[in-house]
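Colleague: Sharing the record's features from TrEMBL:
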- 30-177: domain 'Glycoside hydrolase 35 catalytic' (DOMAIN)
- 265-338: domain 'Beta-galactosidase jelly roll' (DOMAIN)
- 420-466: domain 'Beta-galactosidase galactose-binding' (DOMAIN)
- 1-20: signal peptide (SIGNAL)
């Protein structure tokens, strides 16, 4: 299969608009309104912050010397289900570009649709997988058709809002799928490139520029000590996740006599998928429950009790869980909760990497003979995606949930236990500095502030689950530093927000 060649669109727009900006290029530079320009840009990804944060982030970017803000377009955020679109809240892309325009800056549109970006499937929606004949990022008609539909929608939406330079908007450049790589063979040559840097070799031999070797100012962020008391003032409430509806196989979205792949089954609408089955047993007995899974994390329940949990070691995403279980006489229920922790976003055929307990096997092993007593892989399995709190939108702190919370300022709360919601309110610290949530006391979970999902956290395998160790504080620039050698180097240091340097 030939790789999909990149379709590059340089939006050198010169429309006949009175207020438009004329953008062109030659072999030397971009030409904006007839003037050759070196445009210095920086990234702000709009879904990774809230609309209320955008003006301040853009202002700081401009104060830092940037001419332009560039951003990806996040397909799976804008079209989480096929032909169902989301341009609200943090996905209000038009509002984001208007904020850039209001700040008097240029914008660069990296439309994707594949973005990599340390983002699930590199921004490609999971539902693409279920289209017949689909292959990601190939000369593939189903993929090209869906890609054209989405990118046309985005371009038309931004045109309608007059966001392109020729219309008087801020967008001076646009590019499709800038992740395709042009490779030049340089047989026999050796180049040493510092880690996490970019080198420019105009003749493919001599390094003219390397991003790790430039002289630049680094701001050192420090915590403000006067807000360290926030931790003591947090009044934590807690609420256990209601797992009871998932402890039997009686209520599910559907049933199958096989173990299905997780992403195809859940549609990536949740990190969690329940696999549930039941079977009759004549008497009480002890077995080893053996589960083969492609991870990333697995919880096992038997007759409503948590009997084991395990995660994939070293990002391997293939592991076996074995844990002792006790069965009683009569019907026994096995509920397996498979969890993903982000999806692969690069590599050959990355969309084909399975997740969940696809194929199994799931079996009960005799503890004496170490042989399979029951193979449950082809039993009747009931499937349900998500947890109860996701359906109830507990993170929005709705009124009908508030009576179920326990604890408070003087109450005791359980710690180091899975499947628990914790909630606290706090006064925003004074000042304009960024507020940081220090979650080092927690284990694995997800955090929301004012209904906004800040993302998954997992600071420690061992410690965790103690919200009383959570702290909130502001950070500010405490110092600025740079390096200069005794070879005539010059370094310019400056303080932002009109402040002066007190000492060097």
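Glycine is treated like the rest: Cβ placed from N, Cα and C.
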Colleague: Mind tallying the domain 'Glycoside hydrolase 35 catalytic' (30-177) by DSSP state, helix then strand then coil?
Modeller: 62 helix, 31 strand, 55 coil
Colleague: List the helix, strand and coil residue totals of the domain 'Beta-galactosidase galactose-binding' (420-466) as derived from DSSP.
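Modeller: Helix (H, G, I), strand (E, B), coil: 0 helix, 19 strand, 28 coil.
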Colleague: Could you put numbers on the helix, strand and coil content of the domain 'Beta-galactosidase jelly roll' (265-338), residue by residue per DSSP?
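Modeller: Split into helix, strand and coil, the domain 'Beta-galactosidase jelly roll' (265-338) gives 5 helix, 50 strand, 19 coil.
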Colleague: Tell me, what is the mean pLDDT of the domain 'Beta-galactosidase galactose-binding' (420-466)?
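Modeller: Value for the domain 'Beta-galactosidase galactose-binding' (420-466), mean pLDDT as a whole number: 85.
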